[in-house]
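Structure record follows, encoded as structure tokens.
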């Protein structure tokens, strides 16, 4: 990889990361204004600066303790450094070297601001994550409770199967989560950056070194080797304990919420916190998707099959089945919402659309699972054969369709085989383009299979033990399927972000949050603006009128999303921020695949290291995309 300038900023390569001492030294000679320390060395309040700068506690580009001022060394000596900083003038805002004459204009320098301040609603996004945590705890907790109940009753067969479908998927997912942590925290990921200046990064200004010399705000910036080892060891111990306790996903959810809140509090580093949150949220959603179809789906079929065989529906197995079903539907809705939110070439899914999506999945999966349980209660061997045949057919269909998710051919085939497991239970879009014909074919096959499995059970069942629920079970299978398809048509016809819904503009905060009305851009997409203030949402693929802009000017926006606005210079021209671009020398993957910098840990490492070097922000661009993917500030080739 190499990094180069596009003419708007200073070219920086990875080799230059080893010469930051010289960069700081040259800044000192020029007498540039200084700033505070990094990694808690400035004694600033939590959240005053980005947690994505180099942490001088552990010499890494990501501090896993959260905000940089919440590092261990900062917590130990926070008050003395704060008083020294106040006496030395160290409480001034941090400024990058040479930035005095090129700061982006404030909101007052742009277009006129609304008379009433915009009301942000962090509760909606926080509530979504809190509900995801509750669904997770409810699913796993009821399964463990049910396994313990089987053990107390002496039903060791059901106890073993129930516990197996809880522990094995959890161990696999926690191993993958810990592997991602290792990649992000070592040289293979975000990594320890060798050769960093102990006096602080150049973006902190030359005063950092002078402050350290006189006991000012930079005095804590030089971490001794022992302190660095202690901090890194504490991070490793913390993450190891978290994953051994099978709580890796819980930690990622909490960290996602923290970064999202910080993206709203910290206007100076809003973009960095926002994308750190997007990376973390993407990771936890992919982990949850994998665990759900390895744990919740088999668990749901197992418990329904046990209840049918025993001809009894006790409270605890029913609760476990309901939570497993809810977990499946929730994860699918959350995954698709996040995938759309992460792509600038697609409109975001509203919360109303996500809710309808959730119930669509809830009903179709219910129909599928009930038919599975009915058939498996009599034909266990044939049910296993059916599942294997269906999985092979779906995997072949997906491979034949030509997906574009992974970097290599064999990884793509493995991914398609995993998606084939998802196709056993529900539809999962993996290819760009119109999906109506593929969905019609899939749901026709599913309806045929559900009907065949259910009627085979009905004709071969024991009438004496099943007459009480045979007809209601048949009704459940077909009514649930029809309800799910109806909700799917409602979603695609009315609530889909690109669907033919009514052209209604948001007139209130609630309407905007629920409908997800896209806001018009102020400037051309090729000149993305510095974020940090709530203005308009860049939607490069859709032209809008000035009337639409006036209608949406006073609405509030969903939190945890950076909405760039286009401030103007006194001359009336759009402000073009300085700085190079991240240029990824590979074609951009088509929707519904993730962008490469979400799934490729090397690209994440590149972005985070480049993010450390220069504070200005411009954008990211893929090789075949004429539009800028708004993110950071460099042009890098892979």
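Please read every residue number as a count from 1 along the shown chain.
Cβ coordinates come from backbone N, Cα and C, glycine included.
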Original post:
According to Swiss-Prot, which listed range is transmembrane segment: 271-291, 292-312, 439-459, 502-522?
Top reply: 439-459
Original post:
In Swiss-Prot, which of 222-242, 243-263, 348-368, 369-389 is labelled transmembrane segment?
Top reply: 369-389
Original post:
Under 8 Å, at least 3 Cβ pairs, sequence separation 6 or more: does that hold for the transmembrane segment (127-147) versus the transmembrane segment (369-389)?
Top reply: no
